[in-house]
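Step one of this worksheet: look at the structure below.
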Amino acid sequence: MNINVANLLNGNYILLLFVVLALGLCLGKLRLGPIQLGNAIGVLVVSLLLGQQHFTINTEALNLGFMLFIFCVGVEAGPNFFSIFFRDGKNYLMLALVMVGSAMVLALGLGKLFGWDIGLTAGMLAGSMTSTPVLVGAGDTLRHTIANNPALQHAQDNLSLGYALTYLIGLVSLILGARYLPKLQHQDLPTSAQQIARERGLDTDSQRKVYLPVIRAYRVGPELVAWADGKNLRELGIYRQTGCYIERIRRNGILANPDGDAVLQVGDEISLVGYPDAHSRLDPSFRNGKEVFDRDLLDMRIVTEEIVVKNSNAVGKRLSHLKLTDHGCFLNRVIRSQIEMPIDDNVVLNKGDVLQVSGDARRVKSVAEKIGFISIHSQVTDLLAFCAFFILGLMIGLITFQFSNFSFGIGNAAGLLMAGIMLGFLRANHPTFGYIPQGALNMVKEFGLMVFMAGVGLSAGGGINSSLGAVGGQMLISGLIVSLVPVVICFIFGAYVLRMNRALLFGAIMGARTCAPAMDIISDTARSNIPALGYAGTYAIANVLLTLAGSLIVIVWPGILG
């Protein structure tokens with residue numbers, strides 16, 4: 001049996017789509033030295049190549065892909081979006097605005113200088129900033145514009161070409177910039193990280209290991225009673241001195257949970273809960289009492305839960321204010337905008353932060369009720385909320401403003417982004433509403449992006465040869481300028497106008513570029529996870545601003561041309 005592959009693919013849009021995705025994802029796994037191409041650029045390159053062979057895809061698939069991606073970006077940004085405006089939030093907002101604004105101005109200027117159309121200009125901006133939200137925002141606005149001006153169809157095709165030509169330039173230049181720019185300024189990054197750590201009392205260890213607490217039981221001997229010297233448990237401060245706390249006491253055969261007034265007596269059997277290294281450092285007075293195996297003493301269900309910060313008595317407060325150890329709980333991680341933060345008593349909590357806490361199930365539940373709620377451990381998505389807010393986003397996108405003879409529509413990208421932010425924010429405040437498992441959210445977001453990339457590549461591939469020869473060199477130079485110059489501008493603005501600590505500043509700059517690989521390099525250079533504070537500060541707001549920038553550059557383009 002003879003199978004004509006070309007006819008088979010052209011006659012089956014779904015098959016063509018998944019062939020493009022599979023080949024593109026394979027290509028995206030290739031590495032050029034330390035640089036991995038990535039899924040987005042892999043799918044785009046394959047779709048451009050197949051597009052040259054006149055393979056096409058239904059445009060509705062492209063539209064659905066970008067809609068899912070943008071909506072998920074909003075959902076992820078929602079929990080921490082509004083907290084950006086507190087504490088250092090003003091600085092982070094201004095840095096993100098400077099980064100996105102300067103990049104957009106440079107792209108517009110270079111586009112006019114070289115005589116490009118808006119498709120190449122917006123694509124170059126998206127690729128240089130390694131930002132798919134820019135590409136998606138520009139693509140959505142262009143589609144609405146093309147409906148009124150079919151002559152712009154070529155600009156739509158050029159959008160993916162500009163992105164493909166400049167993406168690697170943007171990624172490689174930023175990674176090299178992250179490695180070498182900190183060395184060109186006069187302040188040492190590790191010193192800056194230690195300085196902010198001293199000012200805020202933060203732990204600078206970027207390689208902190210996390211263990212689950214364990215429980216062991218001991219019989220109280222004379223040495224331990226002598227060490228206690230008649231003090232009750234509150235006066236002794238067992239946790240401060242040992243890193244463990246006493247969960248239970250058996251005295252005269254009676255098992256009880258002790259309060260702070262309890263005094264240790266010879267013959268008591270106590271269960272101690274703490275991290276393994278805390279047990280190993282116990283004062284000899286504890287270990288000299290015989291370790292015992294008592295099923296009831298050791299029968300404690302230690303759980304690890306993710307607690308979402310919500311309540312006013314925790315938001316804006318330092319970790320020390322929670323006094324987790326006084327409640328017999330252990331903090332393993334602090335996560336903000338999917339970024340792991342430094343763990344220290346002086347870290348200030350934002351609404352939507354996630355605390356990973358271990359301890360007795362009853363104690364963890366009690367702590368969760370005081371500071372927020374335990375994140376749902378479910379694989380079931382609240383599809384009703386997902387669909388309802390998706391519809392709301394599409395309805396918002398239909399809103400149009402009329403100014404004299406000029407009309408401006410919000411568009412699907414901005415509408416879905418706003419609806420996603422609302423859903424994410426409400427989810428962070430209401431534990432049973434709008435739950436989407438992180439794995440499901442990541443899958444929908446990634447799949448939507450890949451479908452969008454496949455669509456724009458197949459649509460543009462037919463005209464790539466004619467455009468590539470004319471603008472290839474200009475694109476590479478422009479991509480380098482738009483990638484690095486805004487980083488330098490942000491550094492000057494942050495260092496000399498905002499006077500930010502350099503470790504926080506470089507982390508914030510990488511967050512404004514939403515580039516995790518560059519952030520890893522900054523943390524390695526600083527030998528600290530302090531820069532993650534800055535990265536988390538700008539990351540959420542930058543994703544939103546970059547999407548809006550993609551739409552805005554298309555809207556203002558006619559005015560730039562004069």
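Each Cβ is built from the backbone N, Cα and C atoms, and glycine gets one as well.
Quantities reported herein were computed from a predicted structural model and do not represent experimental measurements.
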Listed range which Swiss-Prot flags as transmembrane segment, given the options 118-138, 328-348: 118-138
Sequence-remote partners of the transmembrane segment (32-52) [C-beta within less than 8 Å, at least six residues beyond its ends]: 16, 20-21, 23-26, 132, 160-161, 163-164, 167-168, 171-172, 175, 446, 449-450, 453-462, 464-465
In contact by Cβ distance (the transmembrane segment (541-561), the transmembrane segment (406-426); 3 or more pairs under 8 Å): yes
In contact by Cβ distance (the transmembrane segment (8-28), the transmembrane segment (475-495); 3 or more pairs under 8 Å): no
Summary of DSSP states over the domain 'RCK C-terminal 1' (202-288), given as helix, strand and coil counts: 25 helix, 23 strand, 39 coil
Non-local residues, at least 6 beyond the ends, that sit with Cβ under 8 Å of the transmembrane segment (94-114): 120-122, 124-125, 128-129, 471, 474, 478, 481-482, 485-487, 489-490, 493-494, 498, 505, 508-509, 511-513, 538, 541-542, 545-546, 549, 552-553, 556-557, 560-561
